[in-house]
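Structure first, commentary second.
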Amino acid sequence: MNSSDEEKQLQLITSLKEQAIGEYEDLRAENQKTKETCDKIRQERDEAVKKLEEFQKISHMVIEEVNFMQNHLEIEKTCRESAEALATKLNKENKTLKRISMLYMAKLGPDVITEEINIDDDDPGTDTDAAAETCVSVQCQKQIKELRDQIVSVQEEKKVLAIELESLKSKLGEVMEEVNKVKQEKAVLNSEVLEQRKVLEKCNRVSVLAVEEYEELQVNLELEKDLRKKAESFAQEMFIEQNKLKRQSHLLLQSSLPDQQLLKALDENAKLIQQLEEERIQHQQKVKELEERLENEALHKEIHNLRQQLELLEDDKRELEQKYQSSEEKARNLKHSVDELQKRVNQSENSVPPPPPPPPPLPPPPPNPIRSLMSMIRKRSHPSGGSTKKEKATQPETAEEVTDLKRQAVEEMMDRIKKGVHLRPVNQTARPKAKPDSLKGSESAVDELKGILGTLNKSTSSRSLKSLGPENSETELERILRRRKLTAEADSSSPTGILATSESKSMPVLGSVSSVTKSALNKKTLEAEFNNPCPLTPEPGEGPRKLEGCTNSKVTFQPPSKGGYRRKCVGSENQSEPVVVLDPVSTHEPQTKDQAAEKDPTQCKEEERGETQPEFKEDSSGGKTGETDSSNC
């Protein structure tokens with residue numbers, strides 16, 4: 001099989017080589033023919049150029065002769081004119097001489113005059129005869145005739161030469177046209193020759209490649225022949241060894257009668273050896289076939305991949321051309337629209353001046369960061385909105401009572417501020433400058449606050465936490481609201497009684513409480529504020545509050561000074577920063593947005609100027625803390 005395939009390949013290669021050689025010979029013959037035609041055209045061109053040069057020489061000779069004749073004619077004309085001028089001068093001189101002679105003869109006698117006159121009569125006749133002889137001499141007439149004949153002949157020659165010149169010029173133009181045609185044909189022939197040379201070079205390359213492939217195939221053939229010979233020799237050696245082994249086995253069998261099992265094993269061994277050799281030969285053939293297939297498949301895959309890449313590139317090119325055309329159209333449309341808009345703008349600027357800009361909107365009210373943080377914590381503890389709806393449904397009545405209590409508490413606070421309660425001074429030097437912070441998520445703010453609370457928990461002693469006991473598990477806000485509710489129910493009949501009881505209950509009594517218990521209570525209130533799932537009952541119809549204005553506010557905590565913790569609410573919009581001090585004995589009271597707006601402006605002014613806030617101490621009997629209003633932060 002291999003030998004037949006190799007012979008077929010060799011036949012194909014030889015046929016291709018013969019075809020390439022035949023094409024090469026045909027192209028060579030065509031090249032020779034084109035060279036012969038080119039040589040003929042060159043010879044014709046050279047002959048035409050020679051004829052042109054001869055015509056040019058003849059025309060130059062004729063022009064020189066004509067110029068010589070014209071010069072000779074001009075010389076003869078000048079000679080004749082000079083002769084005529086001399087004749088006129090002589091006539092004038094003769095006349096003057098006659099006049100002079102007549103004057104002299106008048107002086108002489110009449111006899112002499114008559115004689116003289118006779119002599120003179122004879123003389124003018126002789127003079128006229130001499131003049132006639134001079135004028136009518138044969139030589140002059142001959143010369144004049146010759147000159148006239150020469151002039152006529154020269155003119156005729158001139159006409160003939162002019163005609164010849166015109167004919168030569170026409171011939172020259174025709175020859176030039178022929179030369180141009182020959183040049184064009186030569187250029188065409190040169191281009192054809194170049195093309196044929198390129199084809200010849202391609203054929204040479206193809207023939208070189210074919211020869212190289214033929215040589216490679218010859219080398220492979222020789223190698224395969226050598227390998228086949230080696231394989232045959234190896235097979236012969238193996239066959240000889242196998243025969244030797246068979247003989248030895250027969251001798252052994254004859255010498256010692258073995259068992260039937262040994263005979264069967266030997267037979268099986270021989271069969272297995274034959275099968276192994278056959279399988280080895282088949283395996284080698286399969287390996288060769290697979291290698292050839294792999295080579296062919298690799299080439300086909302490369303060609304297929306290249307074709308696919310070509311198609312993809314062509315598609316990309318078309319898409320890019322379409323995009324380019326569309327972008328050009330868009331650019332034109334945009335230019336047109338820009339021009340129209342510029343025209344409109346120019347017309348509007350020229351026609352009517354622009355109206356004044358509207359006034360800027362009023363700045364929003366300052367946000368309440370503590371309220372926003374509380375709403376954030378509420379959202380974190382209650383992510384779903386179903387629980388808030390249930391709470392709103394279950395507690396619509398208590399919200400109205402709480403709002404009334406809040407209003408009463410605000411009025412009480414305002415009365416105390418107006419009466420002039422002594423306020424604690426606040427250290428304003430430790431106040432940090434307001435810096436614009438970027439908007440952070442609710443989770444990061446809550447994590448920071450919880451970390452601060454953790455540090456506060458670590459700083460305080462464990463005794464203060466144990467001394468509080470299980471009574472502090474309830475939040476301070478719930479206690480205050482419960483107490484206010486009881487007082488409101490007890491004294492609902494008279495508003496003065498409500499005010500008195502609420503004032504007596506909410507008014508702090510100055511007592512001696514240890515600083516440890518104060519700090520512990522303050523910590524517990526802070527933890528209750530930030531960790532309570534629902535510290536404030538929302539107003540009906542309000543829904544969960546959102547965190548607004550976090551970018552313009554910042555909450556900072558200060559370490560305890562003189563037994564209390566201070567918290568600052570710094571706003572980047574306000575230059576004078578309001579300070580809220582959370583003391584261990586201060587009371588926390590809830591407020592709504594409307595109540596915060598109804599506050600007295602004097603309190604806001606005092607807080608902006610940096611004055612201290614009222615300090616409310618815990619009652620010794622109850623041990624409860626209040627809440628300061630922090631809506632102005």
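Think of each number as a place in line: the chain as shown, counted from 1.
Yeah, the Cβs are placed from backbone N, Cα and C, and that goes for glycine too.
Of the candidates SER153, SER442, SER506, Swiss-Prot marks one as phosphoserine, and that one is SER506. For the residues SER170, SER249, SER512, the entry in Swiss-Prot flags phosphoserine at a single position: SER249. According to Swiss-Prot, of the candidate residues SER101, SER207, the site noted as phosphoserine is SER101.
Rounded to a whole number, the C-alpha distance linking SER4 (phosphoserine) with THR487 (phosphothreonine) is 120 angstrom. Distance between Cα atoms for SER101 (phosphoserine) and SER3 (phosphoserine): 145 Å, as a whole number. The C-beta environment of SER249 (phosphoserine), restricted to residues of the same chain at least 6 apart in sequence and closer than 8 Å, consists of LEU266.
Of all the Cβ atoms in the protein chains shown, 21 others lie within 10 Å of the Cβ of THR487 (phosphothreonine).
Of all the modified residues listed (SER3, SER4, SER101), SER4 has the fewest other CB atoms within 10 A of its CB. When the alpha carbons of SER3 (phosphoserine) and THR487 (phosphothreonine) are compared, the span between them is 120 angstrom.
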